[in-house]
DNA sequence: GTCTATGCAAAACGTTTGCAGATAT
DNA sequence: ATATCTGCAAACGTTTTGCATAGAC
């Protein structure tokens, strides 16, 4: 699981478990809070060191996410994300244009392309509903 | 240029000029340093407030760039970036798969997609050369 | 027993903010 | 004249780090 010379401590197992059992992409702070329920003395430093270790060895993936904090993902394969600009939710998505896009980017820039990642910004279904309800209420009120 | 009620101060003009005349995408710290040559007492707060004001009104564009600091771009249209994982250089690139990708993302997630941004990670031409030279030297040395 | 990992605390980093005084309009 | 903007300094949230101790192997 982790290369020889590394120790599988209870803290590391707990951190890995939290990422793998998470219902969504967690920040380091969220992981820290969840692990703290079982290990009340765990330190932020341990959480960060462990997350980076796990990511480096391909057990999890880190997404350094613009505005705010990095998110950690149990998925380790390449994939893209959709980000709700209203509530902040971050959802995985597969988009099939990968190969063509990379080839174009390589040709246009001379770079050797190793990886890529697309972030779509938008409004999630639940926030669309809320917005639509608000618009309807506003119309009703105006009458 | 900037809506009524806002003031065009020398500091704001200098900050806008630095972004527009930059040879590449600058961080807030780099902009601060450059503006400081002309306005030695300028404050970080002023730089950030101005950059956000300019971005909000569409005079520049901010890219909250994962790992490190936000970069500010004189281009205000949608475009993608190629990032050199060796030297950190960040270069603009156009990729034509936009419409299809957005449609797929919308269908798969139910999101209303407003925007998207792809970051390609790779090795820039100059770092490729350096690497190739190093490999050749290593081979020569081994003989 | 050895060497790595942990907890703690301090600091680093990019960024934001409250406030009194300065300045564009 | 007045509302906005500036500079300063303090504070913020995230992440990293040095160090002595604890604990996995």
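Any Cβ shown, glycine's included, is placed from N, Cα and C.
Database features, via TrEMBL:
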type	residues	note
BINDING	A:80, A:116	Fe cation binding site
BINDING	A:84, A:87, A:124, A:127	Zn(2+) binding site
Where does residue A:124 (Zn(2+) binding site) sit in DSSP terms: helix, strand, or coil?
-> coil
Hits for chain B proximity (Cβ under 8 Å) within binding-site residues A:84, A:87, A:116, A:127 read A:84, A:116
One finds that other Cβ atoms within 10 Å of the Cβ of residue A:87 (Zn(2+) binding site) number exactly 11
Round to a whole number and give the Cα-to-Cα distance in Å for the pair residue A:84 (Zn(2+) binding site) and residue A:116 (Fe cation binding site).
-> 20
With residue A:80 (Fe cation binding site) as the reference Cα, tell me which of the binding-site residues A:87, A:124, A:127 is the closest one.
-> A:124
Hey, does DSSP put residue A:116 (Fe cation binding site) in a helix, a strand, or just coil?
-> strand
How many Å lie between the Cα of residue A:127 (Zn(2+) binding site) and the Cα of residue A:116 (Fe cation binding site)?
-> 28
Give me the non-local Cβ neighbours of residue A:124 (Zn(2+) binding site): same chain, 6+ apart in sequence, Cβ-Cβ under 8 Å, ordered along the sequence.
-> A:82, A:84, A:86, A:87, A:89, A:91
Residue A:127 (Zn(2+) binding site), number of other Cβ atoms within 10 Å = 18
Which number gives the other C-beta atoms within 10 angstroms of the C-beta of residue A:116 (Fe cation binding site), all protein chains shown included?
-> 21
Once the chains shown are all counted, how many other Cβ atoms turn up within 10 Å of the Cβ of residue A:84 (Zn(2+) binding site)?
-> 21
Please classify the secondary structure at residue A:87 (Zn(2+) binding site) using three-state DSSP.
-> coil
